[in-house]
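Right, one structure below, let's go through it.
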Amino acid sequence: MANPIALPLYEKIPRKNTLQRLFDILIFFLLLSLLIYRFLFLKNHGLTWLLAFLCESWFTFTWALVISTKWNPVDYKTHPDRLLQRVPELPSVDMFVTTADPVLEPPIITVNTVLSLLAIDYPAHKLACYVSDDGCSPITYYSLVEASKFAKLWVPFCKKYNIHVRAPFRYFSSNPQTFGGSSSDFQQEWKRMKDEYERLSHKIEDAVQKSVPSDFTGDFAEFSNTERKNHPAIIKVIWENKTSLLDELSHLVYISREKRPNHPHHYKAGAMNVLARVSGLMTNAPYMLNVDCDMFVNNPKTALHAMCPLLDSKSENKIAFSQFPQVFYGGLKDDPYGNQLVVLFKYMGHGLAGLQGPFYGGTGCFHSRKVIYGLSPDDVDSVNEKMANNILSNFGSSKELIKSGANALKGKTDPPSNLSNSIQASYQVGWKYGSTVEDVHTGLMIHKRGWRSALLSPNPPAFLGCAPSGGPSAATQQKRWATGLLEILFSKSCPIFATLFGELQFRQCLAYLWILMWGLRFIPELCYAALPAYCLITNSHFLPKLIF
């Protein structure tokens, strides 16, 4: 039997796609043949022929980008059992949950995501959960306080019976014998947990209906006279694991960053940087997980899977983040609005995994803090004082933040003994501004420095989320994505520049171009779709005539 110490923590397994390659190449040559034919007879035809030629040229170029991206698909297979044998002490992880609107994102959804994070299979004293509330809602804070009380019962229950689905709303919607067992003791505890969760849900529902959970006294005094876009920073430690016990509840911290009407807040990127800054002052874990408030943990061993490529000796200084695909539950059949991102993750994602790595998806991603702070792969083992000072010069004037940043770059944590000792500061490192798709922008800048990323698809899926089910909400979301992607394409962060002047690989650059040009595709598609109607009206043609 092989020595587990010598075995890798993960494997990259190439997918067999010979037949798919043949079909892709065949389609590409057919498109090229059509272009050559149109070009040769371009002078003999009018405007419709020229428009068809331009549209088909765009389709051919796009298809070439697709072929390049899909050509070498790989699967990552992780071995968390080997990780536990090889790593005597797992690294700490700061978990970030972002929510922005208590109406569009009901607090009960955020609560379920937080509860699933607190209950993952990972040493509790190595975890800290930070919730960013961009809506500055006392209801969200109240819900988290009540959830922390329930978590003291829920987390031990999940670990005692090895519950697989650890988001209560999802778990209790299933047969208890499906997830847990059938013993009388289990049945009694299951009923007790369900009653406690229903009690928690009723409390949160009552608070939502009342609009405010209290009279803004005591613990809620900081929420008085606050407006959603005009309020000071509010940081409250809901629960602190002071004893650092394995079976204790993990740290839970509520954060609502400062907002002022005339000061740009940079949307989610600004919230993520505040989370990185506050967590750096409090726990300063070397790794950070970020999830949206509606993406609950579906696989309790998610963190262990993520650590395999991040801690493996052959890739520790190469892989910057572990990205899990976005998988959704309860979506519309056949996904008519394309909200479930099937093409991106199922077909293109594994091709990206064979290049420099998948794009950063904005949720379900484990980051290395030192990479977010700006470190490059070549500098990991040789962080000198000059290099550290150059990076830390962007951290603002907070001595405490600079100290935590220096510790992070050197691989140390050294958190304070009391989480409440938090100091506000600002800096220009971390999640990138300038685009409404800060995730793709940030991932591009990480790949530009030469880092790689890993796409992990464990069974069952690591996270499950809820995709928009209606047309208007889907259109709004996709408009924001298209706008943000074009902002990156026509900026100094363009992947072409990242390849010419950075460490972005050429084929990775082509893959980024494929996604960034998504907002432009409607132009040739609408034009090509309108050509038949135009030809009927003008008695012209854009397709070659058959000669008998």
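The backbone N, Cα and C atoms fix where each Cβ goes, and this holds for glycine too.
Among the features that TrEMBL reports, transmembrane segment is placed at 22-41 (among others). Remote same-chain partners of the transmembrane segment (22-41), defined as residues 6 or more beyond its termini with a Cβ less than 8 Å from a stretch Cβ, comprise 49, 52-53, 56-57, 59-60, 63-64, 66-67, 70, 544.
Per TrEMBL, transmembrane segment is recorded for 47-67 (among others).
Within 10 Å of the C-beta atom of D134 (UDP-alpha-D-glucose binding site) sit 23 other C-beta atoms, taking all shown protein chains into account. What TrEMBL lists as UDP-alpha-D-glucose binding site is E105, D134.
As annotated by TrEMBL, active site applies to D134 (among others).
The Cβ neighbour count for D292 (Mn(2+) binding site), using a 10 Å radius over every protein chain in view, is 24. Sequence annotations record features per position, and here TrEMBL assigns Mn(2+) binding site to K268, D292.
Look at TrEMBL and you will find D439 (among others) tagged as active site. Around D439 (active site), the C-beta neighbours below 8 angstroms that are at least 6 residues distant in the chain are F359, Y360, G361, G362, T363.
Between D292 (Mn(2+) binding site) and E105 (UDP-alpha-D-glucose binding site), the C-alpha separation comes to 10 Å. The distance from the Cα of K268 (Mn(2+) binding site) to the Cα of D134 (UDP-alpha-D-glucose binding site) comes to 9 Å.
Long-range Cβ contacts of E105 (UDP-alpha-D-glucose binding site) within its own chain (separation 6+, distance under 8 Å): T99, C293, D294.
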